[in-house]
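*Asks:* The structure under discussion is supplied below as structure tokens; questions concerning it will follow.
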């Protein structure tokens, strides 16, 4: 039955169709001047950049010059790369320019599409950031597309891990900057911990195009970027509490897998109270008394560690460390640690060394970082399922770009079996059948455990001609992905590992050339071998096409339809044939959580025998409904977290703007004077209450406060005894005395030194209090949920109390700065530059799993010139580039020698 909505769409087209059609006149206009643009010489084409900038200076807008600018980029791409953007790619470029997300299928040339709006927006001179998910993609795209920009007279920079501040500053100063989302966020946080404006590396947030936008703005939205410093060791406490959990019976706690939550029952609470009392850890009489909030937090973490987190699914233990497994890619993330003590609870559970907790020095979520840009756009192959989230949180529309060639992939209905064993047996039969036909197969699993279980079963059947791609073997990842499209290849991959690389039928030409000919010098021999590889891949591609193209077999549905669509999208790129199929069982996580019992009884009634599967579109619809529920819940979680984070973000903006003003100022004497005046007003108000009699004035308290804060010994008791004296007189005398003392000190120091001292003390004090404030807000946020039991809105309570804490921070700042400045004295040595503490940065990287929890040092401490490196002492090598020759003298690249151990 066709719905009225379906009939309307057929008659008038969907809103997406209408939006795409609205760009057609511009496409036609660009095509109409193509021949004229082709007739230009290289010099004339490059000169167009100067011409466009002159038009902008005269008052023209970017939209006014879009048509000629896109035509120029298209022609430059054709001349430099041999690639001419198709009409649909022009549409993709216009979508990106109009602050929207372009959904483009795998292999449709997103990287080339980005050059069009990037060039256009870079003409403004304010800088454009192209955001990728890992260093490899940033370097690859900057090197390739930088040739087009360079041809047109524009500069291109790239930001990767390990660059010095000078290198970063130069890259950000370029017209176009390629960088990972992590590097951009960390640079922003580090910039706002600097003490001089000229030390900062970023120059603003004008326009960003985010590649794999769903991964960065959705998958990673719950995890903030954090720069932290170490706290005291509390490993004994973690071990003590961990020992309690095995003593509990199943009736002592409740587990909710859907909500990923764990709570203690009444019996469990009583048992824990006795255990804690015996250990001397319980304060007061009851576990949930306010003074036991920290202990409750530790106990809840321990329970989750034992009952919710599974080894080899959520994490693995490697080299005496608990290493997290990314739920989206199945990759190890050696750099990422769970926050709020959860990682320490897992370390206690696994009896490995417990690493100390870290205090947050600065943090920001990607949601709030990317919302700082004046203009934001994104590209991905899968965004429609999260369109509501992109619209609500980022104000970004999702527009599906038509493919250049029709998609020939066949997406078959799911096959549902009753047990894991039956499902795996059917999967292996299907893999072997496809392998015999010479059809390349990509098998997608949801965890390391499942991928290795499948691999083991295949080996038992005597089949070993396959590759496993997951967190345990990520070093081989690029090559495995490159070979996954070869006829007969069988690749078992955890989730969307290697997402940045296309699986090309016949093999990936660029990767094969780099791997096989990387060390070979340019010349006739290399050219001949390149040509041989090209011919071999052509032949292999024809065989793969004849066998039906890439066959994607999924062993389970993911919680998100988007991840399933990403997996399917690996097949059928650029009009190639392909096939995809999901094999499920009633024992799968998603099926089990969403009511497989009812389905099991239904299948039994229908007479389903062992080894048989049920295949029906209704099953697919039911599973999609379950996935939609999970997606809606996850969206609600992210939306709610953002509401809380917005409170911190508003305060962060105030602090960071204040720091920037301080850095830009050479003289803040007026600010310091205002602080001193307000401190005096607070002192007087505190000790001389409004409308109080003189006998009620607190002379002793005021004298003590003046001595402690203003460092002055004044006859306040005598003043109070004077006839007719009022609080205004007291305030005036205190102000005059403090100003006189400070003026005398300033004259002794001299203007330059005094201004330097004032700025240094204000900034260092502000930083110290801000760090304490972040910790206080974290603690407040962890307990504010309990206010809901009192019928009060936790969010409103959090906003109110966070505001009070922030007001307290500003009061403490005035008081602490005034106290320090009234006491500071010169010593006979050059003033030292204030230094930030030793810092560590970490954040989930769902594509690379690289260590982002590495210490951050000044580059001068990590970059060592080759002549100063001792080949036998790696501690003298400093930072070594991944593609540099290894300093040990082996002749290998660093990443294939000593560098191979960095991610282990």
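These residue numbers are counts, starting from 1, taken along the chain as shown.
Glycine is treated like the rest: Cβ placed from N, Cα and C.
So Swiss-Prot lists the following for this protein:
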type	residues	note
BINDING	89, 107, 108, 109, 110, 111, 502	ATP binding site
BINDING	886, 888, 897, 898	Zn(2+) binding site
*Asks:* Could you measure between residue 89 (ATP binding site) and residue 886 (Zn(2+) binding site) for me? Cα positions, answer in whole angstrom.
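*Replies:* Given the Cα positions, residue 89 (ATP binding site) is 42 Å from residue 886 (Zn(2+) binding site).
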*Asks:* Enumerate the residues of the same chain, 89, 107, 108, 109, 110, 111, 502 excluded, that satisfy the criterion Cβ within 8 A of the mean position of the Cβ atoms of the recorded ATP site; list them in sequence order.
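*Replies:* The surrounding set, listed in chain order, is 104, 106, 112, 113.
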*Asks:* Highest Cβ count within 10 Å among the binding-site residues 89, 111: which residue is it?
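*Replies:* In terms of Cβ crowding, the pick is 89.
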*Asks:* Across all chains shown, how many C-beta atoms besides its own are within 10 angstroms of the C-beta of residue 886 (Zn(2+) binding site)?
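*Replies:* By my count, 20.
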*Asks:* Could you measure between residue 107 (ATP binding site) and residue 886 (Zn(2+) binding site) for me? Cα positions, answer in whole angstrom.
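*Replies:* So the alpha carbons of residue 107 (ATP binding site) and residue 886 (Zn(2+) binding site) sit roughly 35 Å from each other.
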*Asks:* May I ask for the distance between residue 110 (ATP binding site) and residue 886 (Zn(2+) binding site), taken between their Cα atoms and rounded to an integer number of Å?
*Replies:* 35
*Asks:* Between the binding-site residues 107, 109, where is the Cβ count within 10 Å the lowest?
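*Replies:* Looking at the binding-site residues 107, 109, the Cβ with the fewest others within 10 Å is that of 109.
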*Asks:* For each of 108, 502, count the other CB atoms within 10 A of its CB; which of these binding-site residues has the top count?
*Replies:* 108
*Asks:* Can you tell me the CA-to-CA distance separating residue 502 (ATP binding site) and residue 886 (Zn(2+) binding site), as a whole number of Å?
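*Replies:* Cα of residue 502 (ATP binding site) to Cα of residue 886 (Zn(2+) binding site) measures 30 Å after rounding.
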*Asks:* Measure from the Cβ of residue 110 (ATP binding site) and count the other Cβ atoms within 10 Å, all protein chains considered.
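*Replies:* I count 23 other Cβ atoms within 10 Å of it.
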*Asks:* Can you grab the distance from residue 108 (ATP binding site) over to residue 886 (Zn(2+) binding site)? Cα atoms, rounded to a whole Å.
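*Replies:* The separation of the Cα atoms works out to 38 Å.
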*Asks:* Between the Cα atoms of residue 109 (ATP binding site) and residue 886 (Zn(2+) binding site), what distance do you get, rounded to the nearest Å?
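*Replies:* Counting only the Cα atoms, the answer is 35 Å.
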